[in-house]
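Colleague: Pasting the feature list from TrEMBL:
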ACT_SITE  248  active site
ACT_SITE  306  active site
ACT_SITE  329  active site
BINDING   369, 371, 419, 424  Ca(2+) binding site
DOMAIN    240-332  domain 'Transglutaminase-like'
């Protein structure tokens, strides 16, 4: 940090030099206090004299050196001290004065280099990357095209630390009970949860206001930001009004900046084909009518990609096996505890299906390992019938930046066992059971045996020719008859433009055809070749302006 104010890490000594004093070890008492109502009981106030050794459990002062007119004293905080801005005072018992003299203020931060700290990270290279590195790489796109872009986290820029401390003092927790809130600031899991709420502006006049509409009037497009510094500075300059606008990678990048600034090792994580399970059943339900039109029924969705955070700290509340990387998510998706916050969810708990543990494990588990259920819904009768399900498509290519390099590292295996394996399926069933969902099957759905049966017809679109923005898109529909008798098939086709959260924007193309397929897949393919040659359908769009960022481009979704 470049600051006139002293900034130190907890569990690590700093030296104060006095002049014009005699025998300091006998007549000096120090007072370190933080928060609006400092209290020894709340561990927001410490009173300590000069001792011969450093205390690991309490604040201490040790005489370093003396001369004829000066003394240097090393002051140490415990590794679990409350972080934040402190006032340091000293009282001299020999002067006869009863009131302490203020020496000044200092800021105390988490210390990942100290083995006694909850955020201790033994790997020095990882400390450099996840605490001190100011520049990073964030991944985006989709499972077929993974893109990356740079971000300036800028956690050591001027005034950023003060803004981060202001975030804590503007949280709902602080407003409701300032003294209690400050007393909990020794705990990284507490601060991580509070800050996951404060980075979004939904409940508390937090930092960034989300906008996925495509209309960014009155603010900036989320894709135009390149760093956190401007966003945090704008938040302060506006009188702490939410900055307009952000999407998931902006929320995650700003939270990375704040947590690194405070000393908590943090990185961004991108999950491709990321589920948003709104009803907590660990499934993503999609509904279609008899014509194949997507129905806006239910709030579940699958995003092309979603970006959140991992922070490194121990979980004394859960046990050592759940320590390490913890998932935090500042993007406002679902409320947790009545406000938009998410985490910290232990990554180990997610992998093992221990979804009953704090915090928000079911939601995070579904993001990386939900099953996709496709339903036919009849609006007239209200009946829904399961068409088919997919168990291996959610949570793909989970990515983060490599330590010391700009490469992509795939961490999917840290979130779940191999997709489709017996172990992964057992974990999924375990998670459902822990949530009391193992026996909750829809009465109108087919039995598991029926679900596993092969369909009569299989079909998929193939793209013919190059994909160019603003140019016609040529699609070939490949159908195959999987049965031994002739099949007459009527096909309804629609295409919609969507945003990266796969929220549909508008229907852009619709067509239908009928075709008769001979028995058997091989013979069917032969007849299809003749049909395909005559019936290549063109999907045309007028050229649209796009930026250099992949998430500004409209993505075609075929149903």
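Using the three backbone atoms N, Cα and C, a Cβ is placed for every residue, glycine included.
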Colleague: Given the recorded positions 329, 369, 371, 419, state which is nearest to residue 248 (active site) when distance is taken between Cα atoms.
Modeller: 329
Colleague: Would you mind splitting the domain 'Transglutaminase-like' (240-332) into helix, strand and coil residue counts from DSSP?
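Modeller: For that range the per-state counts are 18 helix, 41 strand, 34 coil.
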Colleague: Would you mind ranking the recorded positions 329, 371 by how many other Cβ atoms sit within 10 Å of each Cβ and giving me the lowest?
Modeller: 371
Colleague: For the domain 'Transglutaminase-like' (240-332), what's the mean pLDDT in this predicted model?
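Modeller: In the predicted model, the domain 'Transglutaminase-like' (240-332) has a mean pLDDT of 95.
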Colleague: Nearest to residue 329 (active site) by Cα, among 369, 419, 424 (binding-site residues)?
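Modeller: It is 369, whose Cα lies nearest.
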Colleague: At the Cα level, what's the spacing in Å between residue 371 (Ca(2+) binding site) and residue 306 (active site), rounded?
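Modeller: Distance (Cα to Cα, whole Å): 17 Å.
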Colleague: Taking the centroid of the Cβ atoms of 369, 371, 419, 424 as the Ca(2+) site, which other residues of that chain lie with their Cβ within 8 Å of it, listed in sequence order?
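Modeller: Sorted by sequence, the hits are 370, 391, 392, 394, 395, 416, 420, 425, 427, 428.
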Colleague: I want to check the contact list for residue 306 (active site): same chain, sequence separation of six or more, C-beta distance under 8 angstroms. What comes out?
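Modeller: Residues satisfying the criterion: 248, 270, 271, 274, 276, 331, 367.
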Colleague: Among all the protein chains here, how many other CB atoms are within 10 A of the CB of residue 419 (Ca(2+) binding site)?
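Modeller: Taking every protein chain into account, the count is 16.
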Colleague: Which residue, out of the recorded positions 248, 369, 424, shows the minimum number of other Cβ atoms inside 10 Å of its Cβ in this structure?
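Modeller: The recorded positions 248, 369, 424 were compared, and 424 has the fewest Cβ atoms within 10 Å.
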